[in-house]
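According to TrEMBL, the feature GTP binding site maps to B:9-16, B:34-36, B:51-54, B:ASP83. According to TrEMBL, the active site, GMP-histidine intermediate annotation covers B:HIS50.
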Amino acid sequence: MSKTILVTGGARSGKSALAESMTLGLGRPAVYIATATIWDDEMAARVAEHKARRGPEWHTVQEPLDLVGALAASDGQGPRLVDCLTLWLTNLMLGEHDWRAAGQALCAALPEQTSPVVFVTNEVGLGIVPDNALARAFRDAAGTINQWVAAASDEVWFTVAGLPMKVK
Amino acid sequence: MSKTILVTGGARSGKSALAESMTLGLGRPAVYIATATIWDDEMAARVAEHKARRGPEWHTVQEPLDLVGALAASDGQGPRLVDCLTLWLTNLMLGEHDWRAAGQALCAALPEQTSPVVFVTNEVGLGIVPDNALARAFRDAAGTINQWVAAASDEVWFTVAGLPMKVK
Amino acid sequence: MSKTILVTGGARSGKSALAESMTLGLGRPAVYIATATIWDDEMAARVAEHKARRGPEWHTVQEPLDLVGALAASDGQGPRLVDCLTLWLTNLMLGEHDWRAAGQALCAALPEQTSPVVFVTNEVGLGIVPDNALARAFRDAAGTINQWVAAASDEVWFTVAGLPMKVK
């Protein structure tokens, strides 16, 4: 079983930059598995900014839903960076897929990997309880997915102001 | 004076599971002091899920307001888990009680306990400043209560993705 | 180059009290550089509470925008506490100033300081994604400023429930 790492933190806390650095530290070239689906200009700008930072050592794959398939297809091609679980969960919930089943299948697939996997995720549960039920359901699901993947990971890092704190 | 522990973290970060495990590590059977008042189906479902996880080693007490009384009544019956301070504060504020006086009375009662007490609380102050004044007042009060109880505790833990980080 | 410290955390997490204690530990008397602009009674009450806690060892300066100038003017007068970067950023954005240029100028000025500087800032990116674009832009900017100042600091602390966790 290869190494699995989870990098979590708030918005603009340096998660992606840390995870990219860790992934390249595990092997080059690396595979970037983007879960973002581009639905507006704000998201397009963010994706473009991330891609410009990464440079030529990365092979980029876009997979909004089937992470198990994307990991299977890229295994053996170098370390994989999945950025990020929170957008993946958003895609699952918007498409009315069973996110619990998908999360369990993802964790079940991790022991089979021969190349390392680094996951980026977001902490979204440290503010005031949201007014609407959908946002509450989303933050509950996000916290649950984070717990499952953290339990299945060898290392877990929490980023604050661009700096890593070791959780596991 | 017996041991006092505070477990804090975001929504679905694994606070309750960690606190339950710590409480049983301090003695069995244990007393679960629930501060939740069940006002809708969403809350009922969450309470039922927590209760199903706990099992028969727990004696459950429901006390939405008088934590000092609940601690006095259960002292000597095993370690107590208070879950959680944030709902207790919500109950105090909705009932227009003096939460500052209640918080100070709670901290003043801790040195008198002969059985351990483990508190669960929520971090709610790490998001964008809320639009409405009531939510801002609540998060200020929650942060203040957390500081007071943390100062009165022997150990403080911050949970991230189901994993504990030692704060004190 | 003198010491630079960043203290970050959520609302009512004990950031200011910790930063005040650290600043006085670096020398007395100290200079308090307040970035708050008082636009309502809620803010006036918060500023008054902070000022009452500080006492006579502090010389207070109010500077909502020009932190580089305030640091230059106070250098040599003792350690400086800037409270806080999040309100400074708010002032910059409300006044339609270039916050990126201001942030880079601030970081560029730090190596020139002969007296220490302690910064207080807020974590605002750990809740649900805000509904409105302005709040999202603000939390992105706040996270970016925090990363820049953290990179330029010798020490970074994250406060939880009034207690410090060392990040750097």
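Just so you know, glycine gets a Cβ as well, placed from its N, Cα and C.
Structural mapping of features recorded in TrEMBL.
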residue: B:GLY9; record: GTP binding site; Cβ contacts under 8 Å, 6 or more apart: B:LYS15, B:ASN122, B:GLU123, B:PHE158, B:THR159, B:VAL160
residue: B:ALA11; record: GTP binding site; Cβ contacts under 8 Å, 6 or more apart: B:ASN122
residue: B:SER13; record: GTP binding site; Cβ contacts under 8 Å, 6 or more apart: B:THR159, B:VAL160, B:ALA161, B:GLY162
residue: B:ALA34; record: GTP binding site; Cβ contacts under 8 Å, 6 or more apart: B:VAL47, B:THR60, B:VAL61, B:GLN62, B:GLU63, B:ASP83
residue: B:ALA36; record: GTP binding site; Cβ contacts under 8 Å, 6 or more apart: B:MET43, B:ARG46, B:VAL47, B:GLN62, B:PRO64, B:ASP83, B:LEU87
residue: B:HIS50; record: active site, GMP-histidine intermediate; Cβ contacts under 8 Å, 6 or more apart: B:SER16, B:ASP83
residue: B:ALA52; record: GTP binding site; Cβ contacts under 8 Å, 6 or more apart: none
residue: B:ARG54; record: GTP binding site; Cβ contacts under 8 Å, 6 or more apart: B:GLU20, B:TYR32, B:THR60
Within 10 angstroms of the C-beta of B:LYS15 (GTP binding site), the count of other C-beta atoms across all shown chains comes to 25
According to DSSP, which of helix, strand or coil covers B:GLY9 (GTP binding site)? strand
Near chain A, which of the recorded positions B:ALA11, B:SER13, B:ALA34, B:HIS50 can you find when the cut-off is a Cβ distance under 8 Å? B:ALA11, B:SER13
Three-class DSSP secondary structure - B:ARG54 (GTP binding site): helix
Coarse DSSP state, helix versus strand versus coil, of B:LYS15 (GTP binding site): helix
